[in-house]
Amino acid sequence: MNSKLVLLVVGVVFALVLVIGRQGGVVAPQSISVSPQMSTAAPVAAPIAFPQATNVAMAVEPMAAAGGTVAAMESPLPNFVPRNLKVFEGHWQGMDGRLMTEELARKLNYPRGVQGVLLGEVTLNAAFSGLLGGDVVVRIDDTPVTNMENFQAATRNVANRSEARISVIRKDNRPGTPVLRKLTVVLRAAEGGLGFAQLEGAPMILPGDPRPHGYRGACTDCHPVGQGFELSPDPDLISLPPSAITRDAVTRGVSPHEVRGPCEACHVIN
């Protein structure tokens, strides 16, 4: 009888222990094993901002890789901006000009030895004066023009004047042997003087960019290397979606442009 009573008491105690454990009883400290690596909180890396344009190399903190080893994050190269870049083009009173080189002469069928500033485009006062794209500026008043630097110097001489004589070489566009004519036009400014030419370098290129032209020496003779010096994307290459039109306009076939397909292909129809 006593043995049965002992067994009954033991069973009740065991059951109470199980119930207390399931309801969140206190667990002995010895039952928890804490790893030394877990006891120290890992430092949280601060976010790293990479500005698009910088000339200073940026230090980057190493980050722990998934396997536990420390791997250095690759930092972007800083922009490379040479101090002495060749002048690429100049702008003055609506002229967009660049140095006439032997390469350009061959491409555009000009005789060898022509020196001056080749006008790629003319607008504003340059167009009103009679200049054309393809003209080669060889003299401004009495100052010869053989490169971009003395083109700017020649314009400085007339900057405060309201007019100047521009001598150019113009090539006949008929096929065959090029025929050149020398012309002199008068460039006039309505007010404020003619000012002087502004010179610019070649645009920035990305590291490793393929060369789009023949060899002209080291890329860094003309170009900064990196990103951030040009607006990207070019807004002129972005097409905005057409405005919404009414269903009535579609039904009546009212269109402000020629037929380009179903209206719903481009327009939201309300």
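For all residues, glycine too, the Cβ spot is worked out from N, Cα and C.
These figures come from a predicted structure and were not determined experimentally.
Range with Swiss-Prot annotation motif 'MCR 2', chosen from 170-194, 245-269, is 245-269. Cβ proximity to the heme 2 site centre (mean Cβ of CYS263, CYS266, HIS267, cutoff 8 Å) flags the following additional same-chain residues: PRO242, ILE245, PRO262, GLU264, ALA265, VAL268, ILE269. There are 16 other CB atoms within 10 A of the CB of HIS267 (heme 2 binding site), with all protein chains counted. The DSSP secondary structure for HIS267 (heme 2 binding site) is coil.
Each of the binding-site residues CYS263, CYS266 was scored by the number of other CB atoms within 10 A of its CB, and the lowest score belongs to CYS266.
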